[in-house]
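Trainee: Dropping the structure in here first, questions after.
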């Protein structure tokens, strides 16, 4: 498995380079010429990206060795499952708070809170005390929720209300961040492997390495973002007058009212449009299964001795390849529909979990087949996320998207928690057996959930077979989707 992991990484790196070159040949640079030629936008974009990417880098560093760290501290798989459940449950609890805090506390201050909370979360990994580690998981859930909301809220606010740049330029920045995000994930696995295994600093090393990145991110937010964030100091806002300093009771009431209104409008949109309901079902099923996969991939492969950091980089490279395949498939040359690619992604994920039910049979593990299945699953993720993002942009109004996505995440995290609790029960009931029948049953359950997601995708596009909102512009043909 040691050699297999390195060979897989080399093969995937070559594949990603080839796909990137092919995608660049098919991509016209005219779409972003206006933004590139605007020096004020480029300066603002660089300021945001260098700060946001530091936060993402710190987040990715903690991915490869989290389970390994808990095993290093001699916790049972059932105890580790509870730690993961605590992290997911905190995501559920803090998701509404993460949407409300930027309005009540301030966008820049919320980003600073993220840096502090995530740094404390990393420091808790130095402790072997179970309850301190639970506290770390709770802080990690808060930090993850803030990472997905606070930075985007600050950027959109400054982009529109401070600089008055066109709203059409917003996706340019986030597309560039997504491109960098894949590379950061691959690099994080390599760096984590270097410090943990080559330098033999142990599985806590990547978590300590994340703290300087978070400190640098916090310093940039504190020292450079203040000049951009003028409107939060009371200079006026196109979305309505400020009611005093951000910490006054009047502003807190206003922020709460806006948040509650956003939630209610999101729920109304979800219940009134069947397309939104089906898309939310697909997202809840697919992404909850991914949380279970994040927990299970290490105990499945680690007993066979692969370098976990390299395996993590392989998984992220497979996801990058899937994202590049999406760009190629939807380019002007091929014009495949995102709906078709979403179906393909869910089908690939189903096949991956179907493989895993056989490759993880108790007493007859086949780690190479399991690694292949995990790589196929990450390839499916690379296709899934841009496809579902395209469809969300078409069926969910921009002003209601935050509220609707908040309702999507609720069943997503609850399903993941229930799955991990079910695994905890099976492992506890069999005397703490590792990666045995409980793991195999969990993969079978994940395959069943993917089959349900596939049925939801088919229902979505049967409902909207002639719906131009679900198609790329410039394509037509009844019954194509």
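Quick reminder: no glycine exception, Cβ is built from N, Cα and C everywhere.
Caution: TrEMBL annotation is automatic and unverified by curators.
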Trainee: Out of 185-203, 204-222, 223-241, let me know the one TrEMBL marks transmembrane segment.
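Mentor: Matching range for transmembrane segment: 204-222.
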Trainee: Near the transmembrane segment (79-98), which residues from the same chain, at least 6 beyond its ends, have a CB less than 8 A from one of its CBs?
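Mentor: Sequence-remote neighbours of the transmembrane segment (79-98) are 67, 70-71, 130, 133-134, 137-142, 144-146, 148-150, 259, 263, 291, 294-295, 406, 409-410, 413-414, 416-417, 420-421, 423-424, 427.
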Trainee: Top stretch among 6-26, 371-391, 442-463 for CB pairs under 8 A with the transmembrane segment (276-297)?
Mentor: 442-463
Trainee: Other than its close neighbours in sequence, what residues sit by the transmembrane segment (6-26), given a CB gap under 8 Å and a spacing of at least six beyond its ends?
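Mentor: Same-chain contacts beyond the flanks: 307, 310, 313-314, 317-318, 320-321, 324-325, 327-328, 331-333, 371, 375.
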